[in-house]
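K.L.:
Have a look at this one.
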Amino acid sequence: MSQHSFRVEAPGKVNLFFAVGPRRPDGYHGVASLYIAVDVAEAVTATFDPLLPPGQIECTLEVVPGSLVDQQHRRGGFDLAQVPMGDSNLAVRAARKAVDRAGGLPGGVRLHIEKAVPVAGGMGGGSADAAAALQATTALIFAVTGRETTVSRSLEIARELGADVPFAMTGGAAVGTGTGADLSPVPVGASWPAVLIADDGALATPAVFARLDALRADGVLPAPGEDELMVPDELLDALAGECVFGVEALRALRNDLQAPALDLAPHLAPRLEELRSTGAVPMVSGSGPTLIALVPHQEFARDLAGQLQQVGAHAVPVLLG
């Protein structure tokens, strides 16, 4: 690859624990989250184009063959036109911020996204795009101009782009506090086998948070106390050890966005029950509608994904961590 083109991958994520506090005056929610990377990654290539006007960002996209997005696309459940290519695309915004903070470029940047993580699926696909675009563009800026962007400056930009973007830059596993962007890495002793099941619909994260607030205001759901905004030790210990499918760890799984996601997309509830009947431990991934089913071993994951695909579901076996 030439010095004027850089390709960077960033992983999708799931939240094995996601406790959400009350809505704050600034509109955000305090959270306690256990992020863990999935071995499904987005890739972004940033290429310098001296023929483009200075500062212009162009973006194209392709679907990764065999991915969940590919399964959705081939069966009519995903349209490439759903993904914006302008400034509402997080990858474009990330590249633009990187260029602006570095003092500009004598030309434009062409971004190319390789899409594997479902759009608006609760797996941080847009955040992964932003993280990869930010890192690829900063490398490009250094190659073209010699101006270096520090890691701390990149993380500052990442936080501005969204709470999930800093984690997408680091991967692995981490506890997120504050709005989720204050990260503390945690050790992973063994990969956690699972199955991801994508939905043909989409759920906007702000809408799911708004529904959570409404359900709490109506007394349907309780709001957690401040002492609940912490990831339990049982889950962290299981993640650091070898027995990730133990009873105590599974009891500690939590996602406060699951109830509002099911309220907005009630067809997901029977799918969760069907997955439980197989012996898997399913939950909504983030704000949904993607589901994740934790399983005891990789062969179980492969068999379950195959069975789901046979009945028309969009499913892939994955490893967490």
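Backbone N, Cα and C atoms are what each Cβ position is placed from, and that goes for glycine too.
Taken from TrEMBL, the feature active site covers Lys13, Asp164. Among the features that TrEMBL reports, ATP binding site is placed at Pro118, Val119, Ala120, Gly121, Gly122, Met123, Gly124, Gly125, Gly126, Ser127, Ala128. Annotation source TrEMBL lists domain 'GHMP kinase N-terminal' at 89-172. Marked as domain 'GHMP kinase C-terminal' by TrEMBL: 252-312.
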K.L.:
Between the binding-site residues Pro118, Gly122, Gly124, where is the Cβ count within 10 Å the lowest?
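P.N.:
Comparing Cβ neighbour counts within 10 Å for the binding-site residues Pro118, Gly122, Gly124 gives Pro118.
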K.L.:
Given Ala120 (ATP binding site) and Lys13 (active site), what distance in Å do their CA atoms have, once rounded to a whole number?
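P.N.:
With distance taken Cα to Cα, Lys13 (active site) is 13 Å from Ala120 (ATP binding site).
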K.L.:
Once the DSSP letters are reduced so that anything not helix or strand counts as coil, what is Pro118 (ATP binding site)?
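P.N.:
SS state of Pro118 (ATP binding site) = coil.
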K.L.:
An 8 Å radius from the center of the Pro118, Val119, Ala120, Gly121, Gly122, Met123, Gly124, Gly125, Gly126, Ser127, Ala128 Cβ atoms defines the neighbourhood of the ATP site; name the other residues of that chain inside it, in order.
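P.N.:
Here the nearby residues are Gly12, Val117, Gly286, Thr290.
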K.L.:
In this predicted model, what is the average pLDDT of the domain 'GHMP kinase C-terminal' (252-312)?
P.N.:
95
K.L.:
What is the separation, in Å, between the Cα atoms of Gly122 (ATP binding site) and Asp164 (active site)?
P.N.:
11
K.L.:
Validating a neighbour-count step here. Other CB atoms within 10 A of the CB of Ala128 (ATP binding site): how many?
P.N.:
34
K.L.:
Report the DSSP secondary-structure composition of the domain 'GHMP kinase N-terminal' (89-172) as helix, strand and coil residue counts.
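P.N.:
Each residue of the domain 'GHMP kinase N-terminal' (89-172) counted once, the result is 50 helix, 8 strand, 26 coil.
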K.L.:
I'd like the Cβ neighbour count for Asp164 (active site), meaning other Cβ atoms within 10 Å of its Cβ, all protein chains included.
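P.N.:
Other Cβ atoms within 10 Å of Asp164 (active site): 28.
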